Amino acid sequence: MKLTCVMIVAVLFLTTWTFVTADDSRYGLKNLFPKARHEMKNPEASKLNKRDECYPPGTFCGIKPGLCCSAICLSFVCISFDF
């Protein structure tokens, strides 16, 4: 019974926290569609086409293997295989 009450309070707290910290999305779709139409007319304006520079082999890649040009990060260093 005690565990059930604790779980209910935790769920209510997390639910209210989500609503309090969420962005105001009332006008989200209103601003989204004109931007999408502009990106269809000008594909260069799309943020999805922009990619950060990739790291060459032998450089430190940390814990993000997607930053390597070869997409292989082994022991925190970008590596490449030449076939």
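Positions of Cβ are set from backbone N, Cα and C atoms, glycine also.
Bond annotation: of CYS69, CYS73, only CYS73 is listed by Swiss-Prot as forming a disulfide with CYS61. Per Swiss-Prot, the disulphide partner of CYS78 among CYS68, CYS69 is CYS68. Tertiary proximity for the signal peptide (1-22), restricted to same-chain residues at least six positions away from its ends with a CB under 8 Å from its CB atoms, involves no residues.
Spatially, by CA atoms, the recorded positions PRO56, CYS61, CYS78 include one closest to CYS69 (disulfide bond), and that is PRO56. For CYS54 (disulfide bond), the nearest of the disulfide-bonded residues CYS61, CYS68, CYS73, CYS78 in terms of C-alpha separation is CYS68.
Listed in sequence order, the disulfide-bonded residues from CYS68, CYS73, CYS78 having a Cα within 10 Å of the Cα of PRO56 (4-hydroxyproline) are CYS68, CYS78.
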